[in-house]
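According to Swiss-Prot:
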BINDING   Thr229, Ser230, Glu231, Glu282, Thr384  L-serine binding site
BINDING   Arg259, Lys260, Glu261, Val275, Glu349, Ile350, Thr351, Ser352  ATP binding site
Amino acid sequence: MLDLKFIRDNLDLVKRSIKARGLVLDIDKLIYLDDKRKKIITKIGELNAKRNENSSKMRENLDKVLKISLIETGKILKKQLIDLEEELERVSFDFDLENKRVPNILSPDVPIGNSEEDNFEIKKVGIIPRFDFKPKDHLELGRDLDLLDFDRAREVSGSKFYYLKNEAVFLEIALINFSLNKLREKGFNVFITPDVAREFIVDGIGFNPRGNESNIYKIEDTDKYLVGTSEITLGGYYYNKIIDLTLPIKMAGFSHCFRKEAGAYGQLSKGLYRVHQFSKVEMFCFCKAEESSIIHDEFLSIQEQIFTELEIPYRVLNICSFDLGSPAYKKYDIEAWMPGRDGKGGYGEITSTSNCTDYQSRRLKIRYKDQDGQNKFAHMVNGTAIATTRVIISILENFQDEKGGVKIPKSLVKYTGFDYIPFKN
């Protein structure tokens, strides 16, 4: 959510952000509703003053006729106030709805575009493997190495669920421990977060839980949702608090993630790439306004360190305006090389990191005191450390060998306890 004074003072900038994101939003309607809301509040104040004056007169020693007149006036004022308060409630509801739809402004260096083709490639890192044999995709490897079972999961839970088996279980746990240890070494406080959040927290982070395109599951007959990312629960940790930001507060959260992924059934979404449930380690930071861009770049650097140590080839993208979620001021993606992607190999997203400035903290009322003792809204930065399913794809497909097995990246061996997954007949 943006500051309304900022919107009024920077109307053209806000409109350009809306247009660049491909959104349809009438910002002038928001201004109209705000003006109307203020006028109603003023009228209510005036009527309350008249009502108080009328009540004061009634306490005086009056003749019967004048007292009856004041009683009737009091009834009229009461009815007018009720009508105005009901109108204020309706207008405020519409105002809040429109206000929440306004996206964050864009960083000046965000590429303007209308598809993922307009994302700007910053760099490529690592050597794409060349095989002397026909490489398998992760589904074939998962079958031949007895690591994955989608068929039984489909019977038990439905499509886009899966069982991890045997070495894949230890590989997932190794990835979690590897990333959490790295983040702890870098000064992050480590959490296992709830997998459930209340609606006002989900909404405050910038997800639209009631929208037609909502990607998260609601728990029936409650105000709670299964989280699609621990960004939600980490971001809500300091809801309605004034926090000490002498130093940035860096948090690392492990959680399960649940997503509907409606309609995601194409070739590029097969197997583990797009599923209803997966495990993830998330980075999160609360910081001062002047620190968020630095923290954002730091998060990207940590992500690069992780995938460099995992020896996975990747590329870094500066995400274009059309692909940004409403809270994001700027976003980087890292895409890993996946030899089995689309039958010929390609890059697929494995992490992202977003600087959301004070967009989320305004909704969640998370503040800090600046050097002058004034309350300011904290800036909030998030980023994926490890989303296990997609990293497992990358490891299986990049580290397969001619024997049909898969080597384990050296940085993970101390966590897995083995350095090779053999072919199983």
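Cβ coordinates come from backbone N, Cα and C, glycine included.
The structure, with features from Swiss-Prot marked on it.
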{"residue": "Thr229", "record": "L-serine binding site", "contacts (Cβ under 8 Å, 6+ apart)": "Ser255, Cys257, Lys280, Glu282"}
{"residue": "Ser230", "record": "L-serine binding site", "contacts (Cβ under 8 Å, 6+ apart)": "Phe191, Thr193, Gly253, Phe254, Ser255, Cys257, Lys280, Glu282, Phe284"}
{"residue": "Arg259", "record": "ATP binding site", "contacts (Cβ under 8 Å, 6+ apart)": "Asn215, Ile216, Gly228, Val275, His276, Gln277"}
{"residue": "Glu261", "record": "ATP binding site", "contacts (Cβ under 8 Å, 6+ apart)": "Lys160, Asn215, Ser269, Arg274, Val275, His276"}
{"residue": "Glu349", "record": "ATP binding site", "contacts (Cβ under 8 Å, 6+ apart)": "Asp333, Ile334, Glu335, Arg390"}
{"residue": "Ile350", "record": "ATP binding site", "contacts (Cβ under 8 Å, 6+ apart)": "Phe307, Ile312, Tyr314, Ile334, Glu335, Ala336, Thr384, Ala387, Arg390, Val391, Ser394"}
{"residue": "Thr351", "record": "ATP binding site", "contacts (Cβ under 8 Å, 6+ apart)": "Gln303, Phe307, Asp333, Ile334, Gly383, Thr384, Ala385, Ile386, Ala387"}
Can you tell me how far the Cα of Lys260 (ATP binding site) sits from the Cα of Glu231 (L-serine binding site), in Å?
17
Taking DSSP as the reference, which of helix, strand or coil describes Glu231 (L-serine binding site)?
helix
The one of Lys260, Ser352 whose CB sees the fewest other CB atoms within 10 Å, among these binding-site residues:
Lys260
Sorted by position, what residues of the same chain at least six away from Glu231 (L-serine binding site) have a C-beta under 8 A from it?
Ile205, Glu282, Phe284, Asn382
Inside 8 A of the center formed by the CB atoms of Thr229, Ser230, Glu231, Glu282, Thr384, which other residues of the chain have their CB, for the recorded L-serine site?
Ile232, Leu234, Gly253, Ser255, Cys257, Lys280, Val281, Met283, Phe284, Asn382, Gly383
So how far apart do the ATP binders Arg259, Lys260, Glu261, Val275, Glu349, Ile350, Thr351, Ser352 get, largest Cα to Cα in Å?
19
Maximum Cα-Cα separation (Å), residues Thr229, Ser230, Glu231, Glu282, Thr384 listed as binding L-serine:
10
I'd like the number of other C-beta atoms within 10 A of the C-beta of Glu282 (L-serine binding site), please.
28
Three-state secondary structure, Arg259 (ATP binding site) (per DSSP):
coil
Surrounding CB atoms that lie within 10 Å of the CB of Thr384 (L-serine binding site), all protein chains:
26
